[in-house]
């Protein structure tokens, strides 16, 4: 009974905090709300007209939505790079960052689920997929595995921080015996969500571009680079605008994680490129299309040739200690790395899988305005969710929010 | 088959009993057969009414969940329909059918009665909406039948009569010009070079120096599309046909990504067929009218093949390049082709075991 009372008070206090703030904060939230509304309007058009309002066709049947979904699973998985050192290796430096990291994971997962729903042809019959009520094709379909691991990870990433914050809210220390098992589990779970998402593509013999043993490991490497890079940027913003203390040491440590992951990612990229272009086979056509264009069709060239230089530049910058330890350079490097991997693991991965088609037909894909509107709306939703979570968490952590008996 | 042991859930939203009473000897679930009276069923309905009718139904946990979800989802809609002073019995019946259709199960897992019931509902619904009667079948696979197809590359001249026959037979969306069959025009001397072939030609055929090859769903014996479907909305029937339950499909298009043969099509917008062009001889798994946001594909014209006829493409082909039949019948033409011609299949290295062979004279 008491717990419920505390919870009620927490919700009230949290509502109080998130509706109050500086002018900049209100502007930020208003902008996000506006983008979400635009996204909802675009989605309503899509619901009415069908997916024909997107750029997708029978030839390229997955596009911007699934690209973003794939990328964001990686961002969500990256929270583990903060959870592991903090809870499992008992590295105290990450303690402040980890709640933020888990907040990023929750926001990323919310976006993932939103993107999947946006991509569905029949959202009104989605209950067919709920185990117990519908028919769940487990374990045959990797998509059902993905549904399980994503929701499980979402659950873990909500409950662990919630428990810790709930205790702190009451002025108590959180009990290690309660959250450590969950933290351990979430470490393995994070690897699982990204590996399972890679298997979704990797398991299709129809698409040689995806049917490649390196896809899963490369997903992990790129995720552990892009996710923490985003977290560094978020921490930088939080450091500037709130009184939440994040030490330089913490950011430097996360930067180290980003660096190693980016280096491994680059090695794997080289390995992939070597395999595709040293002795090109019929199966290398998708890679040719992506990097050089095929038969004069070259819609993806500007994208990938933005991504690769940015990726290399960021990795090089991060590799040198002097550059990495300069925070201005670090933030810039993290930003361009994030963009590079977003292109590479989104657009650059999903679209060429369909081009050329099973019989060599090259039909290009270009997202429509409505598709982009929905996508921006979902990103705004993610930012909105994250802001709310982070504001409450920071309030509790700096002691501003406390339960009053 | 009285209302007491119906296996699907039905909500009586205030219309008269005769509409809810269940099937009669003619097999129709709702109204229209006219050959009997409703006295007996009415009595049962009288005893079980209102609250009891909705809640006093035997159900396992599964259907209980389903009902709960159902009530939450469209309870409001149902209330507004049933409370409306102006809506007549017909619109209430329509609402009832829509309700039952929205929350019915997967066709693959239905019993024969349930299959018949959903088909009857769809027929009745079409009648209520358009005033016209269609004929829809729920015929299951027959024993000792395994359908197979052979394509004679030497004979095909690229006339595409098969394509138009297919579109007409299977009620495909006319706006997006959806076609199950693709005819690839290839250059002589280049072999089977699909990447240089043209599957979208608009000129007189046969074009000089070219040969033609058709592809469609190959009804693989080990279909990758079936494995990946998260809700088992597509499956392989006992006679080898790979089919889709259009009402169960959630439209994720994973099967489309998994198909190595470009055999699947998606309804990107609401499919439209002019009323006078609708083929009214339908099968639940075949050419019945689809809705937007679901997958569809070639079914070897299940509405024809299970009735002992050839698919529309085979019948329409002016050159006799297409051969269809029962692989388990040793006297069938298809068996003769497989035994006497040098046949091959596409992308055999993928292990999909297509039931679609190519050969040359």
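Even glycines carry a Cβ here, placed using N, Cα and C.
Within the set A:66-85, A:126-145, the record from TrEMBL flags A:66-85 under the feature transmembrane segment. Only sequence-distant pairs (6 or more apart) were considered; of these, at least three Cβ pairs between the transmembrane segment (A:97-118) and the transmembrane segment (A:375-396) are under 8 A, so the stretches are in contact. Among the recorded stretches A:66-85, A:178-201, A:221-242, A:329-355, A:375-396, the one sharing the largest number of Cβ pairs closer than 8 Å with the transmembrane segment (A:27-46) is A:375-396. Between the transmembrane segment (A:375-396) and the transmembrane segment (A:221-242), three or more CB pairs separated by 6 or more residues in sequence fall under 8 Å, so the two stretches touch.
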